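*Asks:* One structure follows; several queries about it will come next.
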Amino acid sequence: MPQDPMDFEWSYWIEWGRERILWLLAGHLLVSQVSRLLMEKYKPWCLMVYGMVACWLLLGIKGFAVILLHAAVSFAVAQFQLSLLTWLCSLILLSTLRIPAVEEAKRKWYDTENEYYLLLFTVSVRCLFCTSFSLEYCWHRPAQKSSHSFPWMLAYVFYYPTFHNGPLMNFDEFSKQMRRQEAFSVKSSLGILIVGVIRIFFWWCLAELMIHLMYIHALYSSALPLESASYWALGGLALAQVLFFYVKYLVLYGVPALLLQMDGLKPPALPCCVSLMHSFTKMWRSFDVGLHRFLVRYIYVPMGGSQSSLLGMLFSTALSFAFVSYWHGGQSYLWYWGALNWLGVIVENGVKRILSISLIQDLI
């Protein structure tokens, strides 16, 4: 039975995975386990070199140079240890991905659109990693200088399991865990690998069944069946779409999360099932945990967050959603999506505050 071809993200990453990325991830696993077994002290540098080689093989010398240039520029600006300047640099670097002349020049580097999009997706995710390192550098104490060097930035930026699509792991977590040396057990690592592969294979089979049998995205791409459907049917389609999105990211984040575990790191939690969620706030906290931690640590808390006045909290929340919308591409529909999510979170928090008043509690 033919599959629904309208979900670009699933088709794109599965195709790249089958062709090259899974093989490169297997190579990372081999290098990681050998380095953990024989030279734990040098594991970060072995993985850094492997990530650079994998980037070169997949994106070419020009793609590798772009990512290296982004890292070097971010590191140079971070030397001023000014958070505002670091953010300005990050936003400028991100904006270069949307300059038509630059886009056209990068397209000419590759034979196919898929290769260009791989560079685009990779650089977009690397921008977040560069931002995380640079802000941690701005805040680091003199005693932490050795773990905030340029080689550590390269080890973080070129860490291959999270290289193309995430999940996001903040630099402070990455460096602490990567520098921690633990006893290595082949038996326990093999157990983690076997259980992890079985789980991911199950999720992949479920996603493939959904995309071959349900045709959710094909239905959404045509106005006629949507116009003739009842409200109950439309609600069912919406639920089916978000459930597929959930299963899809169990696979897309599950593979790198397994490799993080094999490297002795603790990955961000995998997405929580959307059927168990009843609020915007929980969705943002527990679906993409890595992105949520990034937003809280680098935008929400520095701008005041829940500890500031009501207006301060509204502003810091709005700024977080504005960044997410801009990072995803900045198209008009993304601004509407960000604004509606912001509104949902604000309404929920407003209702919670009202319900926490003692008089309302007594009435309830």
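A Cβ is built for glycine as well, from the same backbone N, Cα and C atoms used for every other residue.
Pulled these from TrEMBL:
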type: TRANSMEM; residues: 20-38; note: transmembrane segment
type: TRANSMEM; residues: 45-69; note: transmembrane segment
type: TRANSMEM; residues: 75-95; note: transmembrane segment
type: TRANSMEM; residues: 116-135; note: transmembrane segment
type: TRANSMEM; residues: 150-169; note: transmembrane segment
type: TRANSMEM; residues: 190-211; note: transmembrane segment
type: TRANSMEM; residues: 231-252; note: transmembrane segment
type: TRANSMEM; residues: 310-328; note: transmembrane segment
*Asks:* Flag the pair the transmembrane segment (20-38) / the transmembrane segment (150-169) as in contact if three or more Cβ pairs fall under 8 Å (sequence separation 6 or more).
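*Replies:* Touching, yes - the transmembrane segment (20-38) and the transmembrane segment (150-169) meet the threshold of 3 or more Cβ pairs under 8 Å.
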*Asks:* Does the transmembrane segment (150-169) reach the transmembrane segment (45-69) with at least 3 CB pairs under 8 A, where each pair is 6 or more residues apart?
*Replies:* yes
*Asks:* Residues of the same chain, at least six outside the transmembrane segment (45-69), with any C-beta under 8 angstroms of its C-beta?
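*Replies:* Sequence-distant neighbours of the transmembrane segment (45-69): 20-21, 24, 27-28, 31-32, 35, 39, 106, 109-110, 115, 118-119, 122-123, 126, 151, 154-155, 157-160, 163, 263.
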